[in-house]
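What follows is a set of notes on a single structure, which appears directly below.
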Amino acid sequence: MISPFLLLAIGTCLASSLVPEKEKDPKYWRDQAQQTLKNALRLQTLNTNVAKNVIMFLGDGMGVSTVTAARILKGQLHHNPGEETKLEMDKFPYVALSKTYNTNAQVPDSAGTATAYLCGVKANEGTVGVSAATQRSQCNTTQGNEVTSILRWAKDAGKSVGIVTTTRVNHATPSASYAHSADRDWYSDNEMPPEALSQGCKDIAYQLMHNIKDIEVIMGGGRKYMFPKNRTDVEYELDEKARGTRLDGLNLIDIWKSFKPKHKHSHYVWNRTDLLALDPHSVDYLLGLFEPGDMQYELNRNNATDPSLSEMVEMAIRILNKNPKGFFLLVEGGRIDHGHHEGKAKQALHEAVEMDQAIGQAGAMTSVEDTLTVVTADHSHVFTFGGYTPRGNSIFGLAPMVSDTDKKPFTAILYGNGPGYKVVGGERENVSMVDYAHNNYQAQSAVPLRHETHGGEDVAVFAKGPMAHLLHGVHEQNYIPHVMAYAACIGANRDHCASASSSGSPSPGPLLLLLALLPLGSLF
C-alpha cells in the first residue's frame, strides 16, 4: 500500500501545479485588495432609502460550510478551480451572523427558526407562527399566542406578496408566513390527531387558503394536501402516495379560486409548460403546485413538468412588480436541507447553486436603490469538507491521502452523523470501491443515523439595498424581519417613515429637521 505521506507529497506537488499564473505575482493580490478597499469605502455613504420591495431568500440548512462548498461547485461547473468563484450572495456588501437556537432547543428546527426570521419572535421547536407559549402538538395552547409575519405586514401596507419554495408550500419555512400551528407536521387534516381537530385547530394547507386570502403568488409543491382523500393526482395517476389526503373532502384549489374577485385574473397551474406560457401582465393571482409533495431535486428535475427555482422567481417578480406600492417575496431553497438529511451532499450543493442562480435572477430584475434583498439560512448541518485537498480538487473528490489509522481513502466531504455510516467486514467502507461521484452517494458519517441532523452554529446573513447596513454583526435570528420591516416602512415601527415621500426617499431625521428650522447664522 502506498504510504499516506507519499500521497500527501504527491498532492502537494499537484496543488502547486494548479496555481494560476497570475496568482504567483504579488501585484495580483495587492491590486485585488485595494479594489476591495475602494468598494468598502464607498459603503460609507449609506443607502437609507425606503425599500419599496423586500426579497428574502432562505436557504434551508445552508450553513457556512455549505455556502463555501457551493461556491467551489459553482466555479467547477464553469470549469474553474472553484475557490476563487463568487456566489451572487458573496457580492452583497453587508454580512452578519444569526444565532439560530429555538426557545427550547440549542440545535433548532426549521419551524421555530422560520417563526423567528419571519414573525420577529423566537419560538419552540416544531411550531410555526406562534409564540413560545405554544407547546408542540398541543392545539389548546395555540389560541391567543398567534404571531403575524412580515408577509402579513406587507399585505396590510398594500404591497403584493408572494411565496416560492422547492418544498411543499405548507412546509415549515413558508407556513410561518401565513399559518399559526402548534405542529409543523399538520400539513392537512389527515396528519392531525383527533384531539387537535376536535379542539378546532386547522391544518396548514387550510390556513394557506383562508388566513390571508389574497396572496398574489404561491408556487412550490404540496398538491396532494389540497385534494380529498384518495383523489388521483393529475400527473402521477398510478402512484397511491401522490393521491389526495384531505379527510374533510375539501378541494382547496376550488376554494382558492372562489376567493378571488371576478374581475381579477387567477391562474392555477401544475406544470412548467403552463407556467411559462403565462403572460405575467395579465395575471393577478397565481397558484402553482408542481408536485404532490416536495419538488424534485434540481439534478432530478423533469424539465417538461417542473420549473426551476430561477424560473419560478422570475415569474413571481414579474407578477408582483406591477404593484406601484411594491412587494414582499419569500423564496426558499428548501431541498438543500433534504439533501443533507439524506447524506447526499451532491444533491444539497446543486440545490444551493440553483438558489444562487435565482438570487442573481432577482438582482437583474430589481434595483438596490429600492429593493432590500436578504439571503440567509434557518440553521446549519453537520456537514464539513477538509482533508488538505489541493486547489481545484473536485468538491466531491477524495482527500489527497489515506487515513493514517485504517489506511483507507476518504472523501473531502463528510458528515458528523447520518445514513452514510458504513462498516464492511468490521471496518470502515473503502470509498474507492464505490461511486462517490454519484448524485445520490451518501457521504460517510461518524455516527449512524437514518437522517443526518441539523448543526447548531450561527449562520450567515447577506444583505443589499435600503437599510442593509442594519444587518452588521451577530444578531438574534428574530431581529431579521424587524430590519426588513423598518426598511420598508411596514409593521409596527414606522415613526421614522412619517414624512417619507411617495418617491421612496427617506424621511429626514430629527436632527436634520432641527437644522432646517434654525437661522443660518445660529449654526456658527
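Cβ from N, Cα, C; glycine included.
Among the features that TrEMBL reports, signal peptide is placed at 1-15.
Annotation source TrEMBL lists Zn(2+) binding site at ASP60, ASP337, HIS341, ASP378, HIS379, HIS454. If you draw a 10 Å sphere around the CB of ASP378 (Zn(2+) binding site), it holds 31 other CB atoms from the protein chains shown.
Here TrEMBL flags ASP60, HIS171, THR173, GLU332 as Mg(2+) binding site. Within 10 Å of the Cβ of GLU332 (Mg(2+) binding site) there are 29 other Cβ atoms, across all protein chains.
Under the heading active site, phosphoserine intermediate, TrEMBL lists SER110. For SER110 (active site, phosphoserine intermediate), the same-chain residues 6+ apart in sequence whose C-beta sits under 8 angstroms from its C-beta are ASP60, GLY61, HIS171, ALA172, THR173, ARG184, ASP337, ASP378, HIS379.
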>> I'm trying to understand the geometry here, so how far is the Cα atom of HIS454 (Zn(2+) binding site) from the Cα atom of GLU332 (Mg(2+) binding site), in Å to the nearest whole number?
In response: 17
> Neighbourhood of the Zn(2+) site (ASP60, ASP337, HIS341, ASP378, HIS379, HIS454): other residues with Cβ within 8 Å of the Cβ centroid, in order?
Replying inline: GLY61, ASP109, SER110, ILE336, HIS340, ALA377, SER380, HIS381
> If you skip the near sequence neighbours and keep only those at least six away, which residues in the chain come within under 8 angstroms of HIS341 (Zn(2+) binding site), Cβ to Cβ?
Replying inline: GLY61, HIS381, GLY418, HIS451, GLU452
>> Which one is it: of the binding-site residues ASP60, THR173, HIS454, which Cβ has the fewest other Cβ atoms within 10 Å in this structure?
In response: HIS454
